[in-house]
Amino acid sequence: AIITKAGFQTHTPFIDRSIFFSALSPTGDLSHAHSLFLQTSMNNSFLCNTMIRAFAKSSFPLQALYIYSHMQTSDVVSDHFTYNFVLKACSRAYKFVQEFGECDEITIVSKGGEVHCTVLKLGFDQDPSIQNSLLYMYSQCGLVHVAQHLFDEISNRSLVSWNIMISAYHRVNNSKSADYLLESMPLKNVVSWNTVIGRYIRSGDIEGARRVFQVMTERDVVSWNSMIAGSVSVKDYAGALTLFSEMQNAEIRPTEVTFISVLGACAETGALEMGSKIHESLKASEHKIEGYLGNALLNMYSKCGNLSSAWEVFRGMGIKTTSCWNAMIVGLAVHGYCEEALKLFSEMECGFGTVRPNRVTFIGVLIACSHKGWVDKARWYFDHMVKYKIVPEIKHYGCMIDLFSRFGLLEEAHQMIRTSPFQNRAILWRTLLGACRTQGNMELAKVSFLQLAKLKSLSDGDYVLLSNIYAEAERWDEVERLRSEMIDLHVSKQVGHSQIDMTECDKLS
C-alpha cells in the first residue's frame, strides 16, 4: 500500500522484488504474485523462473508448465534454473493429475520428455541438480526403467541420486531392486532409512516401520512425518496424535506435511482442540494456508462441526482448489446448511473456469437437496452433471434413491435402480427395502428382498425388515414363512450391543 501511494507500483525493481517476495516468502501470497506477474511484459527470465519455482512447489504445478510454455513461445531465455524448476513441476503435476484428473498423465510425461530433450541439446545434462530432477521426474511418473538408465550413466552419484532410485523401486513395490541398491550404497544416511520406513508403510506393515523407526540413531522431520502419515493410513489416529506429541517433545519442527496428516487424524477423532491449536500456530507464524493444508483445515473443522471456523479458513484462502470448494460445500450440506451449500456451488460455477466441479462436488450438492427434500432441484443437479462430463457414480445414485425413498417416491426410486449401471449393488436395494417399511409398500419390499436374494446379499436385518412389513399388514402366514426360512438357512439375528461411559455414570451417582 505504501509503495502504491508513493507511485512506485510501476517501477520495475519494486515490481520484481514484490513478485519475488510474494511468490517465495513463507508469509507471501502466490495469487498476488501471479496477478503482479501478469501485469508485466512476462519476458523477464528471472521473474518467469521465480513463478515457475513457486508454482512447482504449490498446489498448482500446472501453472508452472503454462509459464514455461509461454517462455518457449515468446523466446524468453531459459537457463539451468528454469529446467530444474520445470522438471520438479512435472513431478508434482503428475501426482496432481492422478488425484484430480485436470489433464492427461501422458501430457505431463510428454512435457517432461520434451524438457529432457532440451536439456540434452543445451548441455545441461551434466548438472548434478538437473540429473537428480530428471531421476525424480521419471520415477514419479512411473518410468523407473528410464530413471535407472539415467542413474547408470551418472558417473558421480550423490546420496540424493541413490535415495531417489531406492524410493522409486519402493514406490513400484520392487523390494528386491531397492534392497540391492541400499546394499550397494557407499554411504547411508537418515534419508536411506526413511525410504525403508516408506516401503513398510506402503505395504501396510506399520509394525515393521515402527521397528526401523525405534532403532534409528538419527531421525529427521521426514522420519516423523512418515510414521504419522503411516499411522493415519491404517486408521490408527490416536497413534498418529501420540507421535505428533512425541515429535514436539523431541523439538523437531513440524512441516506442512506434518500438519496435513495430524489434521486428518484430528478430523477422524474429533480432536477439535488440537486442530484449533495447529491453526492458531499457523496464523501466528503467518503461514500461507492454501492447497492441501487449507483443505485439511477445512475438513477438520467441518468434521468436528465447527462451520464458522471452516468458513473463516475458506474465505481467507487466496487460491482455492476444487478440493477446498468441495470440503466447504460438503461440510455445509452434511451439517444442514443446505441453502448456503447450493449458494456456494453457484459461486463456484461462476469462477470463470478457475475451478471445475467434480464428482465430489455433486455429492455435496445432492446431500444438500436430500436433507431439505428438494426433489426437483436434485433431479436438475443430477442431470446437470452431464455439463461437466461427469458420469454419475453409485454415491450419486445413492443420494437420489435415498431422497426419493424418504419422500414416498418409491416407484421412481425403483425405476432409477433398474436403469442405473449399479442395479447389482445391494446397498441400493437395501435402501429401497428400508423405505418400503417406512412407507408401507409391501409389493416393492418383496421386489427389493428378492433382488437381494438374487445377489446373495441377504442379511438378518433384511429378513427382519420384510417380516415387520408383513406383520404390520397382518400377513402372519408370510411372517411365519420368513422366520422358518431364517431357521432353515441358519440365518441368525445379530445381537445388539450398547456402550455407556462409566465416568459419566459416576458423575450422576
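Even glycines carry a Cβ here, placed using N, Cα and C.
Residues annotated as repeat 'PPR' in TrEMBL: 44-78 (among others). In terms of DSSP helix, strand and coil, the repeat 'PPR' (44-78) has 25 helix, 0 strand, 10 coil.
In this model, the repeat 'PPR' (189-223) carries an average pLDDT of 87. According to TrEMBL, the feature repeat 'PPR' maps to 189-223 (among others).
Summarising the annotation, TrEMBL assigns repeat 'PPR' to 358-392 (among others). Away from its own ends, the repeat 'PPR' (358-392) comes close to residues 100-101, 322-323, 325-326, 329-330, 332-334, 336, 338-339, 341-342, 345, 348, 399-400, 402-404, 406-407, 409, 420 of its chain (Cβ-Cβ under 8 Å, at least six residues beyond either end).
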Per DSSP, how many helix, strand and coil residues does the repeat 'PPR' (358-392) have? 28 helix, 0 strand, 7 coil
